[in-house]
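Student: I have a structure I would like to understand better, so I am pasting it below and will then ask my questions one at a time.
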Amino acid sequence: MAARNALCLSLLILLLAVVNVHAHFKLDSPAARGTVEDKEIMAPCGGFDTLQNPRNPLPLTGAKVSITALHPDATANFYLILSSNPTANDFSSNSTTRKQIAPTATGIKIGSYSADIDLSKIPEAKEGVQATLQVTFDGGDGLLFQCSDVVLGAATAQTQGSKSAADRMSTARGWIFALVAFAVLLV
Ligand SMILES: [Cu+2]
């Protein structure tokens, strides 16, 4: 019995080690400035304070923003900051350059989520305007941030990026989680 308990305990510890407690979320499209899960709590852009070059196209109509959520019940907000080089002030909640571009999304489950972007109520949103997209995400362990620098209307269709190494790691973690959980059930 003691051996069994010890085995259970070590499997649980392995499980906790494998399922990174800092798994939060990722901005997939348009491509994020960068994603480091441990830094996502850092406002306003998850620790990435340098503009992307080149910028990502964000169509004026029919644009979508896609994220991967790694929390079972999360809330996300989507903002566009109308500045070619936004400062911390531009990102603040009382900023006049920060516009909410999709309704607050609630009840987001683990997996991919896409928000439909509406720029029709923003008169400044015109072809060629440089701006920064900010996604804030709350999965219960603090407000998290990701940004993408965009140019409006530069393309009619967004291209889907190929899977990054980080994505593949997340997938691998998921499989190891499932296998260990299965093993715990068998013991
Ligand atoms: Cu998290």
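Residue positions begin at 1 at the first shown residue.
Cβ from N, Cα, C; glycine included.
Quick paste of what TrEMBL says about this protein:
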type: SIGNAL; residues: 1-23; note: signal peptide
type: DOMAIN; residues: 22-159; note: domain 'Copper acquisition factor BIM1-like'
Student: Could you give me three numbers for the domain 'Copper acquisition factor BIM1-like' (22-159), the DSSP helix, strand and coil residue counts?
Tutor: 7 helix, 54 strand, 77 coil
Student: On the 0 to 100 scale, where does the mean pLDDT of the domain 'Copper acquisition factor BIM1-like' (22-159) fall?
Tutor: 95
